[in-house]
Amino acid sequence: MSNESLANLLKEERRFAPPAELAANANVTAEAYERAKADRLGFWAEQARRLSWETEPTEALDWSNPPFAKWFKDGRLNVAYNCVDRHVEAGLGDRVAIHFEGEPGDTRAITYADLRREVSKAANALIELGVQTGDRVAIYMPMIPETVVAMLACARIGAPHSLVFGGFSSDALATRIQDADARVVITADGGYRRGKPSALKPAVDEALTQPGTEKVRNVLVVRRTGEETAWTEGRDVWWHELVDRQSEEHTPQAFEAEHPLFILYTSGTTGKPKGILHTSGGYLTQAAYTHHAVFDLKPETDVYWCTADVGWVTGHSYIVYGPLANGATQVIYEGTPDTPHKGRWWEIVEKYKVTILYTAPTAIRTCMKWGDDIPAKFDLSSLRVLGSVGEPINPEAWVWYRHNIGGDRTPVVDTWWQTETGAIMISPLPGVTEAKPGSAQVPLPGISATVVDDEANEVPNGSGGYLVLTEPWPSMLRTIWGDDQRYLDTYWSRFQNRYFAGDGAKKDEDGDIWLLGRVDDVMLVSGHNISTTEVESALVSHPKVAEAAVVGATDPQTTQAICAFVILRGSAAEDEGLVEELRAHVAKHLGPIAKPKRILPVDELPKTRSGKIMRRLLRDVAENRDLGDVTTLTDSTVMTLIQSKLPGAASSED
Ligand code: ATP
Ligand code: MG
């Protein structure tokens, strides 16, 4: 898309300086960029000292066999010890680690001392089940404290975990169990969603009937809902029977920094999920550092809340490993934002006096759709930093978030990263960066990223291309589980010696980075490359639109034609002239070439469980094709609803 269009999106020149008080007391200041630039590996070696090592590493990076990195390779540590025990040993045993809020309203406050006991018992239980260092454990759980305990227990004994979203089907679970060759599955009878118990164990039972899952010896089951649960004697074990009777003592053993910590399958927005492998020392270093830097965490006073599901990477790095390594106090909420009412999240912020909130654009746009009056009913004045992750955040949604949730006080940090990168890579720093709504802006200290053209040349400011990472980073994926070749092909073959992220991006006149969506989603209209993100942001900037998804559908005249699916804001009606009005609005913002050919108001969009719009399914719909793989979709009935709206729907031709 032309530079003009970006300039258009930016034309209001909205800039937000960091609040003075935050800037004055910020954990990280502008000096960190310089220091990291002067000595990148020295900078990361210094960050590694945030952790407690049994054996300190003497070298930061071994890049002798690229792209297979080894970080801090002669160092030894235990990840669970770093997240739990060391805080207790430092006298912080009484600090609350987790304020748990169940969907039905039950609550638990779990201190670091409690967490140490629970994790030790769970580690002993896994050992009793015969789990050995290196064995894989699949975890298929709701958002309850035992999920965190289970992950840390695995980390403690060096058994890599593989979390599978609680919303996935038994088939998706079976594929992941097979691929990781898991020996034990940890699950629950169910969890609460939308006011009702929602069973999980039946999907595990079903998955374990499939070939390739025979090596699963045991299923460890947490009782959460108390619903009737089918039982396989000899295989199934209740958590409260096995874990509760274990000793509270377990001495953590140190592992090599490169010991595998977890496998996590990407959310599958673009196709077959990849089993991303993360290891221990480098991963924990960057998760801890970025959580400290990007959220300005003050563990003594902050109450942090990340609304992500623990089953995706944000939950791994910014519910479990980063915050706990930093000794944070955090909120974990089990349920959906609208149960029992649409103000539930804001009620939780008010109740726990949450100071840092980290969520996804999809959630913010949903709240916009529900209306400003809902958050306005609650006292959100405790908030001081807001974060966003998962998709590009439209400038309109960014401004809405800062205004309606942040009371026009708080910085908003738009954090770009991926399952593969393990931790945040590109983001403003809340006490340093003058924020631009809609832009992730700058690589963090110690991170090297840029935008290149087809020939791998760095593009000048004001131009777009492909986002690449130019130097290895501590929390980078080490490979795709069991498939080194796919690791090389997917990330390292497009450009020599550079990691290709798969995302389009552009640099503005100041050199700040704007993410433009996946390269696979970029549209080609009459010879022009048009980014889905920019058209979506233009639509969302219209007062009647809460959310938009844009795809390019094959078109005989223009190669691709822009097709937009929009969700209207709470009060907006779907009247006659609306579609025309929206088309004109986009043309005004981005130029006539970006004017959507069709606009279809819908009630919901197809999303992954992590809240990302699955544009490839919308493309299938727009081109009247059978739907591709829908296994990672939250709710497959959404597609039927959208398809049923299609014939003769609000389309218009030029
Ligand atoms: P798959 O790789 O299987 O298709 P996925 O890419 O959706 O799935 P994730 O690793 O969860 O799986 O998502 C990372 C992607 O999310 C990034 O590559 C980018 O496209 C998008 N993303 C995440 N954060 C941001 C952000 N702040 N701004 C723009 N895009 C973002
Ligand atoms: Mg991806």
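Just so it is clear, glycine is given a Cβ too, placed from its N, Cα and C backbone atoms.
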Which residue of Arg384, Arg402, Arg494, Arg518 does TrEMBL report at the same ATP site as Gly390, Glu391, Pro392, Asp414, Thr415, Trp416, Trp417, Gln418, Thr419, Asp503?
Arg518
Can you name every residue in this chain, apart from Val540, His542, Val545, with its Cβ inside 8 Å of the center of the Cβ atoms of the recorded Mg(2+) site?
Glu396, Ala538, Leu539, Ser541, Pro543, Lys544, Ala546, Ala548, Val566, Arg569, Leu582, His585
Rounded to a whole angstrom, what is the C-alpha distance between Pro392 (ATP binding site) and Lys612 (N6-acetyllysine)?
10
Near ligand 1, which of the binding-site residues show up if the criterion is a Cβ under 6 Å from one of its atoms? Options: Lys196, Gly390, His542.
Gly390
Please work out the mean pLDDT for the residues of the domain 'AMP-dependent synthetase/ligase' (91-473).
96
What whole-number distance in angstrom separates the two most remote CA atoms of the ATP-binding residues Gly390, Glu391, Pro392, Asp414, Thr415, Trp416, Trp417, Gln418, Thr419, Asp503, Arg518?
17
Around the Cβ of Gly195 (CoA binding site), the count of other Cβ atoms that are within 10 Å:
13
For the domain 'AMP-binding enzyme C-terminal' (534-612), give the DSSP counts of helix residues, strand residues and coil residues.
23 helix, 27 strand, 29 coil
Sort out the sequence-distant neighbours of Thr415 (ATP binding site) for me: same chain, 6+ apart, CB within less than 8 Å of its CB, listed by position.
Val294, Gly387, Ser388, Val389, Ile424, Ile426, Ser427, Ala440
